[in-house]
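Accompanying notes for the structure given below.
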Amino acid sequence: MSINSMETEIDIEASAPKAVVVEEKEAEIEAQPVPLTFPEGGLHAWLTLLGTVLIQYSTFGYTIAYGAFQDFYVREYLTKYSPSAIGWIGGTQIFLVFSSGIVVGRLFDRGYFHHLMIGGCLIHAFSFFMLSLTKENQFYQVFLSHGVGIGLASGLTYVPSLGIVSHYFQKKRALAMGVVAAGTALGATLHPIMVNQLVYSSIGFHGAIRIISGMNCVLFVIANLIMRPRLPPRKNAPRIAVSSYFKEPTYTFMVVGGMFVLAGLFFPSFYIQLAAIRKGVDENTAFYLLSALNAASIFGRTIPPLYAPKLGVTNLNIASTFIMGIVGICMLFVSNTAGFIVFAIAYGFVSGSTISLTATMIASVANSVDEVGSRMGISFAFAGLLALFSQPISGALLTTNFIWLNGILFSGITILCSGASLLVARHYLVRHRGTQFV
């Protein structure tokens, strides 16, 4: 063997271990988790935020604006049925919006954002069109199209439109979610005006619903074109043990608080228009009360979240919930136009604040961004289950004689129970984080 060949063999043997070491180091580097960062802005972030606002405006905005439909159904369209029976339409709608989150949240976490959005928008448009074909005093037709169809469609888009915000924002998450919630409030402000003006005009109920459906379809197309998930799909992500969430006292009591607040939250907004008319307020004024309530909620959804980073989102939500319960009970003493206007503005602000802060509060206790969708979905699912029965219960307590005392007290007391549950959740959260600003 020549000297040159021996040197070559020695070089290969000497270099081989070094190559292995380099490969091992590269593998270790690849195996290390890359810290997740959030852009907190940028073109895609703001376009996605705008898209979620349009979705919330066109879907959940109509759920919040259901009071205009409730009044129309009770006084004009479903006159053969009691307020309690008609309440099942609104209750089922709320139930499906929130309870579907238990499945939708996990699908969102696994990367099916666009599937959920497109599917929800298509079902929403179809259901509105079917509502325009319903006949007077045919309860099952209205129930299936408005309660089931629109409720399911809104449920498919609700959690993803909130969860996608978490892909782009962390420090500004409370404010971003407040903006998304403001989209709901904006829809809930404008929809009652549009519904009342169109339904009670020569266009009529069926024509009004077709016009609304057409407008929604345009917004759906724009929203789906500009929204974009930032994180890659995680279809093969490890299965999260959902039951482990309820081993955390903080999360458990937050879920209970969400259940109670949703049980009482919607009574004033669903019945304020009907209550005002029954108490002698001019119809033209009463038609704008729900819009005034929801307009005030825009400020409630955007202003309090600005202080969340300093004061703590849970602290703010507890204060907002207790104030909302007290203001809700004050509806007992409202009997004239001025009183209804003041009540609408006050209740709108605190209810908007609570809705906005609740979603942010649930997201804040997630251990990672991958849990946000499932945690919010489960929380909303339990809340929706109670909301399903709370609206018919409120209607039954109201009776056909419109005894407002029963319904108002039921609403206010359940909201105060929510505040008490959140106080317990805060106790455990403070102990866990070691700070009062939670």
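Note: Cβ is positioned from N, Cα and C throughout, glycine not excepted.
All annotation found in TrEMBL is predicted automatically rather than curated by experts.
Keep in mind that what you see is a predicted model, and the values were worked out from it rather than measured.
Taken from TrEMBL as is:
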{"type": "TRANSMEM", "residues": "45-65", "note": "transmembrane segment"}
{"type": "TRANSMEM", "residues": "85-105", "note": "transmembrane segment"}
{"type": "TRANSMEM", "residues": "112-133", "note": "transmembrane segment"}
{"type": "TRANSMEM", "residues": "139-162", "note": "transmembrane segment"}
{"type": "TRANSMEM", "residues": "174-195", "note": "transmembrane segment"}
{"type": "TRANSMEM", "residues": "207-227", "note": "transmembrane segment"}
{"type": "TRANSMEM", "residues": "248-274", "note": "transmembrane segment"}
{"type": "TRANSMEM", "residues": "316-334", "note": "transmembrane segment"}
{"type": "TRANSMEM", "residues": "340-366", "note": "transmembrane segment"}
{"type": "TRANSMEM", "residues": "378-397", "note": "transmembrane segment"}
{"type": "TRANSMEM", "residues": "403-425", "note": "transmembrane segment"}
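In this chain, the transmembrane segment (207-227) lies apart from the transmembrane segment (139-162): fewer than three C-beta pairs between them fall below 8 angstroms, excluding pairs fewer than 6 positions apart.
Taking residue pairs at least 6 apart in sequence, the transmembrane segment (85-105) and the transmembrane segment (403-425) share fewer than three C-beta contacts under 8 angstroms. At the 8 Å Cβ threshold, with sequence separation of at least 6, the transmembrane segment (112-133) lacks contact with the transmembrane segment (174-195), having fewer than 3 such pairs.
If one looks beyond the transmembrane segment (378-397) by at least 6 residues along the same chain, the residues whose Cβ comes under 8 Å of a Cβ in the stretch are 82-88, 90-92, 94-102, 105, 158-159, 242, 245, 251, 254-255, 258-264, 266-267, 270-271, 362, 403, 406-407, 410-411, 414. Tallying C-beta pairs under 8 angstroms between the transmembrane segment (45-65) and each of 139-162, 174-195, 248-274, 316-334 places 174-195 first. Same-chain neighbours of the transmembrane segment (139-162): 52, 55-56, 59-60, 62-63, 69, 73, 77-78, 80-81, 85-86, 88-101, 104-105, 108, 113, 116-117, 119-124, 126-128, 130-131, 133, 177, 180, 359, 363, 373, 376-377, 380, counting only residues six or more beyond its ends whose CB sits under 8 Å from a CB of the stretch. If you look at the transmembrane segment (174-195) against the transmembrane segment (340-366), you find at least three C-beta pairs under 8 angstroms, all six or more positions apart, and that counts as contact.
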